[in-house]
Protein chains: 2
Amino acid sequence: MKSDGEIARAARLKPIAEVAARLGLGPDDLDPYGRHIAKIEDEALARAGAAERGKLVLVTAINPTPAGEGKTTTTIGLGDALNRIGRKAVICLREPSLGPCFGQKGGAAGGGYAQVVPMERINLHFTGDFHAISAAHNLVAAMVDNHLYWGNALDLDLRRITWRRVVDMNDRALRDVVLSLGGPKNGFPRQSGFDITVASEVMAAFCLAQDLADLEARLSRMVVGYRRDRSAVTVADLGAAGAMAALLRDAFRPNLVQTLEGNPALVHGGPFANIAHGCNSVAATRAALGFGDIVVTEAGFGADLGAEKFLDIKCRKAGLAPDCAVVVATVRALKMHGGVARSDLDRENLTALEAGLANLGRHVANLAKFGLPVIVAVNRFTSDTAAEFALVRDVCRERFGVEAVSCSHWADGSAGAVGLAEAVSAVLDENRPSAFRTLYPDEMPLADKVATVAREIYGAGEVIWDERARADLVQFEAAGFGRLPVCIAKTQYSFSANPALTGAPSGHALPVREVRLSAGAGFVVVLCGEINTMPGLPRHPAAEHIGVDAAGQIVGLS
Amino acid sequence: MKSDGEIARAARLKPIAEVAARLGLGPDDLDPYGRHIAKIEDEALARAGAAERGKLVLVTAINPTPAGEGKTTTTIGLGDALNRIGRKAVICLREPSLGPCFGQKGGAAGGGYAQVVPMERINLHFTGDFHAISAAHNLVAAMVDNHLYWGNALDLDLRRITWRRVVDMNDRALRDVVLSLGGPKNGFPRQSGFDITVASEVMAAFCLAQDLADLEARLSRMVVGYRRDRSAVTVADLGAAGAMAALLRDAFRPNLVQTLEGNPALVHGGPFANIAHGCNSVAATRAALGFGDIVVTEAGFGADLGAEKFLDIKCRKAGLAPDCAVVVATVRALKMHGGVARSDLDRENLTALEAGLANLGRHVANLAKFGLPVIVAVNRFTSDTAAEFALVRDVCRERFGVEAVSCSHWADGSAGAVGLAEAVSAVLDENRPSAFRTLYPDEMPLADKVATVAREIYGAGEVIWDERARADLVQFEAAGFGRLPVCIAKTQYSFSANPALTGAPSGHALPVREVRLSAGAGFVVVLCGEINTMPGLPRHPAAEHIGVDAAGQIVGLS
């Protein structure tokens, strides 16, 4: 099997205008970035917004394991297969973050024969959206310290400045720094730090904004710190929102690329799925719903984090009503949830598989609580046995009441996901009015929202509150933020806050350590356990093997 | 008079393919970034490199004053005027830095009716080149601290790490920071800091590299720090050069834009003119010489810094031989050099003007030392009187032996620089073999190179060496770097190291505080006085007035 990079480089890409034409977009609707990438112009976006008619399919997954699930490849494979069977499908994905490409995980543009291309550009600078977000974020930071330097007229408490800086790089040395050393000409020393760009609140607001005006309003509301009396100082107080909007103007338009099979994909925005909501921009999803008959999109991590936030934050706020959910699982990952060690995954183990299916079952049941029809996609590996798949299919059908479809898009492209596409089409063609509902109403108190997600989605027995966190929630409600949804940040590896608890634990306690207001993004972040917002590099970073060959091709990026 | 932004927005831009066609470039030679910007593809660059036939004109200036000289506008105006009189001229400029747009100075794409467009894109993210340079620089920084974290096999001395981080933002709080706080999981605490991106050695190497392979070789040689035995640790030792080259691959191709009059301009790279050499990329200049009959380019600050480095660093290393130099002056700035206060500049003052002309005279004489024919461009202001211009013209002709031409391109576009264009054409049409020579030979000892520039260009009486700096030079020579040119960083406001000494001081002492090896860029930086490599924001940053209007237009950027 060729590497992802080899497959991507061997691909014959269509001119992006040709891909766009299939969506009814003419040359004037495109702002090209090279021959194979384009941003979609505002007028075309407005047309799409007015038209919005497509069906929305969410691709989510069981809790991730080191065995890999292939959620992005399944999203792409399903999109390609829907096009293959004659549907006009558009794929919506998050943009990859630059930093992790040089660390362990490599790129994030799919894999095998289910990729979006041009892979190197998408994984590296792409259209510069993340650079623009970094610049907008860091402009505020510079203006905060500049404000202190020139006399602090807003009376910010030096110890309570919450706005940090960002960089799109895995750089653990920047997590915790002291700034403004070196004497009076450099300002007032204080402790702060850097997050990776995808953890910026600007990223989350960017992805949830309806239009540029809404984005600027969200930016304005962002809190940069507090005064001694605990009143908030915002981006608007600093006068930075307009300049941020100027920096983000071009970035805000969705990016059109293509799959290896030449089908359209919008790749735009990419917030973290723990301290943020983990899915592509509302702008892209909206545009896709206007241009396509079916939109296939994904949410970060497993369904407990990604799908819950997609539904309770993004769909709630953007007024989107998804029509179907696909839960991706693999036999290998299910066996890990059933207790099998990674080194033993190649062996058939029906007992462990059956135990591990509890994880899948919980996610399926959870999605039904949102009123969504569910299909299970079993992403096939060569080590899977017929008996293993049969067990998954039977348990899904008999115990979970859903169909499980085997797919091999990674190896076979769209041909490997035709069964899944047909199953999804069948659900959509029933044309049932969407029964989508959020898990909790806006008016529910914040603490009850957390308790609801903990109980209904995580299977937790109780929420254990840090006293300070509980008090902060009360303060947020008093300040008028009680109607916001909650964005729970916990480990992605388990329904619980303990990454070692695989399968489908229940009755556990969800410990809330801290809460943070993301007033611009429009949610309250609830931190359960340590959440790292600045990754580090491994002992041998992938960067050591990335380079440019004699022909000018980028190598080592996958 | 309209603002720069209003003029730029009112401009009817040609499709970039049409601008490119005038240079013999077809659609396949372009990688479009929007409709009005394109990068030039490698094959076309190779063709241009093989063809190289244009004449090279350097635009430089007297020492800058707060009155403004208009070097960039004159470069653009001259280019437009050369095209107007039927010459095939290509303009080469530096890319503007993002950070200063939000501070005091505004953008850097020319002004009035001598601008390159699209102004907002060029001033903000443009094609992402500076973002790519920041990322490449910061990847090394992350890999340095990651290397320490994982055991420091290269034995770097934590106290002698010279590689800092960069951000394209005016952020004084980052000048001096302590990193890696917060305990063992965040690494080993140490003091470091951030420079603005244009001060990165990656930027300088990027602008001096002949091709991508040369760039990677230069990146490899860059020193990140020293061991206890003072031996150097390089980017190659870290294994980062390939990944950096991958990050810079697309950025390395020159950017084609147009002037307000639709003439071609290559805008590419932009190193500082103090700790680096201050002119656009060799790649762009080379390409322009292949595509055009005349290439008009500029160098940073006054001729003592910008032109000297353009000639002694860029032309020496790239094998370029300029054919003519244009020195830009204004009556107002010359009066300031003659001792007039800014508030009195509107009044005719022939005595002060005559005194201030000494500054111009020194620059003219200096350029003759490089074997270059010189023309003086007097960039006209409405307050200038006929008697003032007559004095400049007469002194130039009689005492300096050069012609001074009055120009009004800022108000009138190319029509205002026809005289200058004709004067330049006349010089070029003499077709004299270039008499260009560098000021000192490669084999001259480093300290003597500094002394030569100090004596011949600055008019200094002596160089006062910091003892440590002198010892470091000896060490650089022992390590094999003795043949590098020197890059002197001093104030731009005076021939001396004292910004208050305007006019043409002589006999002063040049104090060398520190020397630094830029092994990848390929020069030795000689620091004379405090050089700030991270600007701050003013009390009221321009950012407060930048925004996006209801029509989606960026406003407040000029």
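Backbone N, Cα and C define each Cβ position, glycine as well.
Here TrEMBL flags A:T65, A:P66, A:A67, A:G68, A:E69, A:G70, A:K71, A:T72 as ATP binding site. A simple way to gauge crowding: the CB of A:G68 (ATP binding site) has 14 other CB atoms within 10 angstroms, across all the protein chains here. Following the DSSP three-state reduction, the secondary structure of A:G68 (ATP binding site) is coil.
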Other CB atoms, at most 10 A from the CB of A:A67 (ATP binding site): 17
Cβ neighbour count within 10 Å of A:T65 (ATP binding site): 22
Sparsest-packed of the listed binding-site residues (A:P66, A:G70) - C-beta count within 10 angstroms: A:P66
Cβ atoms near A:E69 (ATP binding site) (within 10 Å, other residues, all chains): 23
Listed in sequence order, residues with CB under 8 A of A:T72 (ATP binding site) and six or more positions away: A:L93, A:A108, A:A109, A:G110, A:G111, A:A114, A:E298
Protein Cβ atoms within 10 Å of A:K71 (ATP binding site), excluding its own: 27
